[in-house]
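Participant: Pulled from TrEMBL, these are the listed features:
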- 248-537: domain 'Sulfatase N-terminal' (DOMAIN)
- 12-30: transmembrane segment (TRANSMEM)
- 42-62: transmembrane segment (TRANSMEM)
- 69-91: transmembrane segment (TRANSMEM)
- 117-136: transmembrane segment (TRANSMEM)
- 157-174: transmembrane segment (TRANSMEM)
Amino acid sequence: MVKSTLAKTWPLFLTVVMLWLKTYIVYKTSFDIKIESMMQEFILFINPLSFLLFFFGILFVVKEKRRIRLMFVFSIITSFVLYANAVYYRFFNDFLTIPVLFQTSNMGDLGNSAFELIRVTDLLFFVDILFIALVLKITKKKGQIATSMELTKRQKARYILIAIILSVVNLGLAEVERPQLLTRTFDREILVKNIGTYNFHLYDMFLQSKSRAQRAFANGSEFIEIENYLKSNYRKPNEEMFGVAKDKNIILISMESTQNFVIGETLDGEEITPFLNDFIQESFYFDNFYHQTGQGKTSDSEFLLDNSLYPLGRGAVFFTHGTNEFTATPEMIKEYGYYSAVLHANNKSFWNRDIMYQSLGYDRFFELNDYMITEENSIGWGLKDKDFFEQSINHLKSLPEPYYAKFITLTNHFPFELGEEDKSINEYTSNSRTLNRYFPTVRYTDEAIKLFIERLKAEGMYEDSIIIIYGDHYGISENHNKAMAQFLGKEEITPFDTVQLQKVPLIIHIPGMEGKTISTVSGQIDLKPTILHLLGIDTRNDVQFGTDLFSNGKIPLTVLRDGSFITSNFVYTKSTCYDKATGEAVDGTSCEPFMNKAKQELDYSDRIVYGDLLRFYEGNSYRGNN
Ligand code: GP9
Ligand code: MN
């Protein structure tokens, strides 16, 4: 029976088996999926198969003569999906989602960054298709081919049955490994590990349509539960700090890809960030501050900063929900006489900024066209940071005061290109070109900020301004773990270390106040209430998930977008609880008390964004809930 089925359909089975094995090989070579047991390895191994059987099963319902051609089309589509994920993973350490594919206005600007990610050996991704074409050709010549691939009803039924059984076994094992896999998982790696990359894309399509429906069916009453949660999270401002920045200008500097590990660190005996190291001495420096961004990278960090809401688990909220109603800082502080602006020398539509900034209430966006850009003053992604700040001074001077101005730097962006004349620190030596080149560009941004601060002083603008400098997200992904371990003098980078590497610098400089290092566990979500309290604005009725960083009694919990979280003593990531003091895995009960709260936060925040719930919020109260 099996024999006769195979005799009739061997080209199909050859294709499916090769795609299956190829997918598994790609899992093991292109993705960094952490496997903790034989069972997990087994699930990973079988997980592409059920999808492939269903997908190629479609061939049995099309006309005989179309089958072979369609089989190739399917094979190319599947291989391409796999390949696209592999390329995306090389930089983002993440899997593609539908919203990411629709960020087309970003694509054109990626230029060199995208090319850096493509290799000649990538042709191997399609080698099985060539092989099958060749086999078909040879067998056809020899007249041995039986390519009608026609099965009897019984055989078809058996085929479907096998596919169903495989799916059930796969899902069953996955559910045992990871309960509530599909309902409570924010980490795509865990999803792919359990249901496979192809099923993951199907699931992603389901999420896409669900998120559309969510807005349509949302109503204000959902707010009551969320409001209670937010009220219990609220912490009173620190009296000594409340209002210290009243009517002062707020200057925010988002440092591209700058992680905290470079601060205070040296390379070949040279400080990597000499200026920031000094500036920290006269500022508040938060050395336990995490980025909480997802697929929207810089734009997610902006979203966190201005809204104190979490970005989304899939896609960039700047793209997916750019026209939602928000209660962002720029809009809120208008009432207090503030003018708000963003300064960033990139295309205005990148990350959908031009649209989103309107929703956030920004008064002015100084973008590409507001800068003089030449070949000499550009590198990599565009205008070099030093020239950017230099040219920005006049823009800043033109703003009505007080202002809230956000500067977004660019030079320290992957692939970290820099001309020799701008390098004032050596490259590192390791197997990762990316990490090697990171240090000169980080140093360059450090120098650019130094110049900017000097200019502010020279123009007499320094003393009137609160300066807030923060890193937007990681710059060195897990693909460079080996080199990173070498740099940090560690044997390896564990998932615990990876979470620790998500720390980014946060420096708050307030004129007239002395420097201090604050080590409370915190994240970008905390910036908005911190800033508003410094301005002397009450936030007790605001929709915000963060806490003022100067408040006494801040709950020591920071949740990352993939569901990992950090408390005073523990780190939870990839379903494992780690002791911060030792970095060793410990019994899960230590993380248990925060587990639900971490999920709850992400879930509530998502409900607000997907349901566009802020349209039901009026000033300091929710409609219908006074
Ligand atoms: C693009 C810049 C970089 O304008 O903000 O974006 P990123 O790739 O870091 O999200
Ligand atoms: Mn960025």
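Cβ coordinates are placed from backbone N, Cα and C, and glycine is handled just like the others.
A TrEMBL annotation is a machine prediction, not a hand-curated record.
Quantities reported herein were computed from a predicted structural model and do not represent experimental measurements.
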Participant: Which whole-number mean pLDDT does the model give the domain 'Sulfatase N-terminal' (248-537)?
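Facilitator: Mean per-residue confidence for the domain 'Sulfatase N-terminal' (248-537): 97 out of 100.
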Participant: Are there residues at least six beyond either end of the transmembrane segment (117-136) with Cβ under 8 Å to its Cβ atoms? List them, or say none.
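Facilitator: Hits for the transmembrane segment (117-136): 11, 14-15, 18-19, 22, 26, 68, 72, 75-76, 79, 82-83, 86-87, 90-91, 145, 147.
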Participant: Short question: which residues 6 or more past the ends of the transmembrane segment (12-30) have a Cβ under 8 Å from it?
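Facilitator: Sequence-remote neighbours of the transmembrane segment (12-30) are 6, 44-45, 48-49, 52-53, 56, 59, 71, 75, 78-79, 82, 85-86, 89-90, 125, 128, 131-132, 135, 149, 196-198.
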Participant: Any residues 6+ beyond the ends of the transmembrane segment (42-62) with a Cβ under 8 Å from its own?
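Facilitator: Same-chain contacts beyond the ends: 12, 15-16, 19-20, 23-24, 27, 33, 35, 70-71, 74, 78, 149, 151, 156, 159-160, 162-163, 166-167, 169-170, 173-174, 177, 193-199, 202.
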Participant: Restricting to the same chain and to residues at least six past its boundaries, which positions have a Cβ under 8 Å from a Cβ of the transmembrane segment (69-91)?
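Facilitator: Non-local partners: 11-12, 15, 19, 22-23, 26, 30-31, 52, 55-56, 58-59, 62, 100, 113, 117-118, 122, 125-126, 128-129, 132-133, 197-198, 201, 414, 477, 479.
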